[in-house]
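Annotation source TrEMBL lists transmembrane segment at 12-34, 358-377, 384-404, 410-430, 461-482, 488-512, 568-590, 924-942, 949-969, 975-999, 1020-1040, 1046-1071.
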Amino acid sequence: MGISGRIAKLSLNNPITPLFAIMIVILGLIAILITPKEEDPQINVTMVDVFISAPGLSSGEVEQQISIKAENAMSQMAGVEDVYSVSMQGRSVVTVQFTVGIKRQEALVKTWNQVMTELYWPQQYGVGQTAVRARGINDVPIVSLTFWSDDASVSQTQIGQVATSVSQVLQRVEGSRNIEVTGYAQNAVNVTIDPVKAAAFGVDVRAVLSALQQFGGHSPELPIQTDNKDVVVAIGQFLTNEQDVKDLVVFAKPSSEQGVSQGTKLVYLRDIADISLSSIKPTSYVQMGFGQASVESTGLHSGVTLSVAKQEGRNAIDVANAVLDTAEALKGKVIPDNIQYSVTRNSGLTAQQKANKLIQKLLFATMAVVILVLFFLGKRAAIIVGLAVGLTLLITLFSSWAWGFTLNRISLFALIFSIGILVDDAIVVVENIHRRQHSHPEESLVELIPKAVDEVGGSTILATFTVIAALLPMAFVSGLMGPYMSPIPINASTGMLLSLVIAFTITPWLAVRLLKGEHKDDNTDGKAVVDDKNTQHKESADVIGRIAGNFLSKFITAKDSLTNQWKLFVGIVTLMIAVMVLPVTGLVLLKMLPFDNKATMEIAVDMPEGTTVETTLAVLQEMSSELAKQDYVVNYQLYAGTNAPITFNGLVRQYYMRAMSHQGEITLTIVGNKDRDEGSHDLAKQMRSLLLPIANKLNANFKMVEEPSGPPTLAPIVAEIYGPDQASREQTASALLNAFNTTNEIVDTDTTIAAQQVKWQVVINQQRAQQLGIVKAQAQSMLYQLLSVEPIGYLHDRLGNTPTPIIVSGDVTYKANMQAWLNTKMANDQGLLVPLSEFVEIVQVTQDQPIYHKNLRPVIYVMADMAGDTDSPLYGMFEAGGSFSEQNPEVEIFYTQAPDQPYTNAIKWDGEWQITYETFRDMGIAYGVGLLLIYLLIVGQFKNYRLPLIIMAPIPLTMIGIFPGHWIMDAKFTAPSMIGMIALAGIIVRNSILLVDFIEQQLAQGVDLKEAVVASAKMRARPIILTALAAMIGALFILSDPIFKGLAVSLIFGMAVSSVLTLIVIPIAYYRSKKDKSEP
């Protein structure tokens, strides 16, 4: 007796067996309680941004002197995937993208260490302080609350103050982090200096700035002793309110009347400036709007958004619920009655809904499999299989937690997908016990069960490991897609291994107790008789086995069997050729991942560089007014000059840097998918059509940004333009952009070439300034302070939750007219006031173009998307690329890596193509490795080199079902489709092993070859069809999901066709290989 039979015999009446089952239940329940729940897998994609300021340097100087050095330093670190940089006038931003899996803290420490040790410049370069900020998956908010008010008397500043107060309370919520407030128009003491009044009083503007900077200083407290007591002495005082600022003395002017000195006349700040406590002039705006589907409000309101992320490893559902409960408790206390908030993002709710839905499907799939077994084998066998599957799922959940996975839609889909294969071992064992009961009625269950288990044990062990061999290599897929899909191969493989243990231990223990009613021992002679009439009927009615045996006889024992074999061969080859035509002709489209169906999406809007934030807001308002008319829009938020709370997609695309005045975003919430017939992607296409005329009229460029169902990219279609100089790169980029714009179904085109922007260059004539006794550095400092909106100091209000800034600026009238503003005077080294116009002139120049680098090479990006019947970016990319190459044959095209020569005019395709190429390449390698492992396993079992080829012959036959299935179901062939195809390789080989193992056993017992071959189909048809139906039933429950539809189609159609063909092809192939030896 083999190892499987011995294990079954030991487990039959072992008291440890039920304890083992109880332990599994406890571990599974613990895993359900403690495993963090979230919507998507937590993928460690860390981006570290290094900000380096270099005031006064042009883009070219920043590139050559700052960015290149920083890029070189960053690229030397271990674990760096890519290094990007943008060199702009006066600053450089270097972004380090680490390889997937490196955690945020590790990446941040590495980068800081490299910055501190490698990045230094001589002081004369004027390079400012370097700032480093890391962003990873845990910086993506899970909850966002947008505060608004329909009370016209409530200002955005008041709303912001409430949101800030709420944010401080939310800091105490366990598991929360990175709480940010967006759109807060903070109050400030605005000091607007009137140059005419200042000149009339003889006040140098620098004196005002100096007074504000110096006043409010406070020395450390000193302890002194007096009257035998310790007393604390505080020296100095702060500016605490608006009146303190007005009363600030900025100049002491000698006063005289008719030549007689009248002492000193004090000049107060209020004498030369308008001072008010009011909102800072906004550099960004946030507004909250409601659509036709809203029940909260209507119209558009000023708003402030508060976003909350979660700590690593925390349960998104628990953290989100705690945040919302805390916010609800603050109503009427911190949040006044005239200010409301809307929940504009709740990943905890979507995670809960997704988890509930998938767990429900998991239960239904399990019940469906049990009902299937009930129909074929009877109620008691069905109970055994149901308990075995339940235990397998529970212990798989525990192992999933042990592997570090969370409960998310991918891991739960992995379990649903696994139902069909996790039940295989139990079905095969129970079916063989069931069959042996009726073929050997004289044996007791204690004798019968170990033999029945041993009969199929060897093939079951081998078949289980072949499925694992097919699945497990997928866990090593590189890039973002690897960890995204890793729960499927790892959980399924672990579940298969655990199901094998349960099939050999707990299943026999259950069988010996639950099948007693079907197999009762006779009291006198110890023999057994079958007692269950229903079971007798099911055994005698093995229609599947009889049909399979009779059909196979036509190819083995019939007179024209050879002719029939050739007809079958020709038919299969013809079908194989026919189905391969489907993807070639485009009847089955290829795509990385299908579109999801979510209730949120974004619209990213870009105006020409130099557009004011107010103009950008007006464009957003006009676009959103059209969206608000749509029945499916619940609410929307406008973000002008600032970014919306980022998503995972926004993290990779670096949307957190969209804070320029010409940039804006509209975030949309639409009705749930249960309340609409159309998918979110179809609605996005409708919105694009609605907004395009408005965008064209207002000279706006916009992109419909749908949250991808898998790893995000910069854009669906991305072209990296390389060339020897900026001019040639711009020329190539413009030509490709034109090709995009003329290609059917390509939309949302854009490029990183900035619009021409005028810059006012303030030039100080150093010679003239020297003659007038003006220090150039002091003049520059004063000019900067008056033109900027940076605080020069702060009020110290002990009751305020944020300090109130003091902002000094020139009169807005003069700011708008720079030439008039030059009438402002400043004192020279002798105290005489000199107009700025005496030594300063304004020159209009063109703003430098930003210079982009990727991995130390200058680059320009051209981006686009696809929208139409095809909807697969690959087809648009190849069509536009072909059109471009016809007109620009001198430009080289690269698909998998950047050109080796940096001075080559070239295009490197990136975006979804790059992820598709890497994923399908790695999956293809995983498929090949899996097939090799399966071959080696079978060789080790059967000690034969040719037989494994026969056993693996049905693997290509899965194509006959897979591609027609995708065509029939109108599904694109995606990465999940490939996963299904890979899984089928192991499952189909499992069926082949059952057939060949049975034939080998029969031949060993002296049975004739033809009889053994025909009997294999007759006796193994039922377990093969049963396991196939179980896998297909499990797949049915994921067929409705837009992401995993391809996987379900592959399993259902591939399993249906290949299982039937396996029952015919394998016995025939085995017969043909053995015929000469067995029939001399």
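Here the Cβ of each residue, glycine as well, is placed from N, Cα and C on the backbone.
A TrEMBL annotation is a machine prediction, not a hand-curated record.
Remember, predicted model here, so these are calculated numbers, not experimental data.
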Counting Cβ pairs closer than 8 Å to the transmembrane segment (1046-1071), the top stretch among 358-377, 461-482, 568-590, 949-969 is 949-969
Give me the stretch from 384-404, 568-590, 924-942 with the greatest number of Cβ pairs under 8 Å to the transmembrane segment (461-482). 924-942
Where else in the chain does the transmembrane segment (949-969) make close Cβ contacts, counting only residues six or more beyond its ends and a cut-off under 8 Å? 572, 575-576, 579-580, 582-583, 587-588, 931, 934-935, 938, 977, 980-981, 984-985, 988-989, 991-993, 996, 1045-1046, 1049-1050, 1052-1058, 1061-1062, 1065-1066, 1069-1070, 1073
If you count every Cβ pair below 8 Å, which range out of 358-377, 384-404, 410-430, 924-942, 1020-1040 shares the most with the transmembrane segment (12-34)? 384-404
For the transmembrane segment (1020-1040) against the transmembrane segment (488-512), do we get 3 or more Cβ-Cβ pairs below 8 Å once near-sequence pairs (under 6 apart) are dropped? no
So, do the transmembrane segment (975-999) and the transmembrane segment (358-377) meet, by the test of 3 or more Cβ pairs under 8 Å (sequence gap 6 or more)? no
Which of 358-377, 384-404, 488-512, 568-590 has the most Cβ pairs closer than 8 Å to the transmembrane segment (410-430)? 488-512
Taking a Cβ cut-off under 8 Å, which residues six or more beyond the ends of the transmembrane segment (384-404) line up next to it in the same chain? 21, 24-25, 27-32, 34-35, 362, 366-367, 369-370, 373, 377, 411, 415, 418-419, 422-423, 426-427, 430, 487, 490-491, 494-495, 498-499, 502-503, 506-507, 510-511, 514-515
